[in-house]
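Participant: Straight from TrEMBL, here's the annotation block:
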type	residues	note
BINDING	127, 190, 222, 253, 396	UTP binding site
BINDING	223	substrate binding site
């Protein structure tokens with residue numbers, strides 16, 4: 001009898017706590033609604049419509065954030081994907097190309113995610129406007145690639161840029177220079193959501209403006225926002241009306257993400273007659289990629305699992321290169337009609353990423369975001385394609401920039417290809433220290449980019465500069481201690497060398 005009473009009181013207290021949590025949730029949602037209404041009331045008449053859409057989208061995300069707690073995957077349900085759900089690229093390439101590849105290409109739209117700023121590399125303005133090769137920016141190279149495609153096949157593949165409120169103005173100014181190129185360029189803006197105070201869970205913005213001191217109050221909510229904002233912009237419907245069927249989406253800083261005709265042909269002319277609505281390009285993990293999201297089978301669907309969703313006890317298992325061999329490159333091929341169908345049914349399900357930030361004044365805020373690849377489970381007949389590593393060439397740091405600027409790659413019609421003189425297909429591991437973090441400092445420290453064809457590993461730390469025509473081979477480690485400076489002289493050959501201490505070559 002005593003046990004029954006204890007069980008009963010325990011059950012009552014649990015019910016009470018869940019009721020209490022529900023009351024708190026409702027209060028938080030109500031407070032949020034009041035604050036958002038106040039913000040909306042400050043909008044000018046020409047801003048009301050899109051501000052309302054943004055805040056509605058944010059409200060939905062906030063509602064889900066309050067409902068969901070803890071890691072969003074049940075580790076016990078994660079299985080390896082079935083063999084045929086991730087196809088090797090070689091198998092898709094072996095099918096060859098049809099004679100009418102131009103008609104297939106005319107069904108394609110290239111979409112580049114262009115919402116990011118170059119702040120992590122010490123640059124102001126959109127990251128896509130950083131010079132990466134022979135003074136060409138990410139955007140220049142993208143336009144050159146598509147222009148080359150349109151000229152070669154006499155096609156009309158358009159480029160669509162998803163900008164954020166951070167990048168829109170600067171990007172639009174630059175686009176004028178492509179007005180005579182053979183590429184139609186469209187832009188649309190992703191949503192603008194309010195950052196929320198970590199303690200109060202209320203927006204830190206007091207009005208709709210996002211300039212001056214209000215710049216830190218707002219953020220673009222991750223690239224998962226593409227589905228809603230593409231649909232809301234009206235561009236999705238326009239492209240469908242023009243006969244376009246697929247988009248190829250990738251990050252604008254991934255220089256390996258070029259249009260692949262074999263993958264496109266596989267989508268348009270599937271061997272089993274059943275078209276895929278969503279294809280994710282994955283590639284084999286190396287030690288550098290252990291945190292990358294991976295494709296798994298979950299409740300009979302292909303699902304992207306990110307490290308943030310993994311229960312703490314299983315993080316090491318998730319990082320294992322032997323168990324989870326592949327990761328998401330964020331090169332995605334998606335059927336336009338499927339985006340429209342799912343968006344209209346409000347059926348695109350993406351996990352919430354909670355991104356904590358500390359603002360300049362020390363205030364802790366959180367951003368609620370989603371990732372474009374997470375929607376894979378909402379689409380029918382999804383597929384992973386295991387592509388060569390060359391299709392994943394992101395430039396996130398100046399260490400990456402050094403690789404793409406070097407003679408490891410040759411540039412042809414906007415596309416970078418690994419030099420045939422490189423004996424092995426992998427790139428060297430490059431780690432440049434904090435003196436190289438900003439692009440302008442990095443450029444100042446290299447009189448010319450070294451010959452890296454035979455380099456395996458490069459680590460540079462401290463105040464180091466490189467003269468002209470330096471060659472690096474094997475493993476090279478250069479460490480200038482605090483207060484020391486190392487100048488690598490012009491024409492130097494460093495092969496399997498460790499250089500430390502102080503080395504100044506004085507000008508005569």
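Heads up, the Cβ atoms here are built off N, Cα and C, so glycines get one too.
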Participant: Cα distance, residue 223 (substrate binding site) to residue 396 (UTP binding site), nearest Å?
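Facilitator: Checking the Cα atoms of residue 396 (UTP binding site) and residue 223 (substrate binding site) gives a distance of 16 Å.
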Participant: Quick one: give me the count of other CB atoms within 10 A of the CB of the residue listed as 'substrate binding site'.
Facilitator: 23
Participant: Using all protein chains in view, find how many other C-beta atoms are within 10 Å of the C-beta of residue 190 (UTP binding site).
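Facilitator: The Cβ of residue 190 (UTP binding site) has 28 Cβ neighbours within 10 Å.
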Participant: What is the separation, in Å, between the Cα atoms of residue 253 (UTP binding site) and residue 223 (substrate binding site)?
Facilitator: 14
Participant: Compute the C-alpha separation of residue 127 (UTP binding site) from residue 223 (substrate binding site), stating it in Å without decimals.
Facilitator: 15
Participant: Fewest neighbouring Cβ atoms within 10 Å: which of the binding-site residues 127, 222, 253, 396?
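Facilitator: Taking 127, 222, 253, 396 as the binding-site residues, the minimal 10 Å Cβ count falls on 396.
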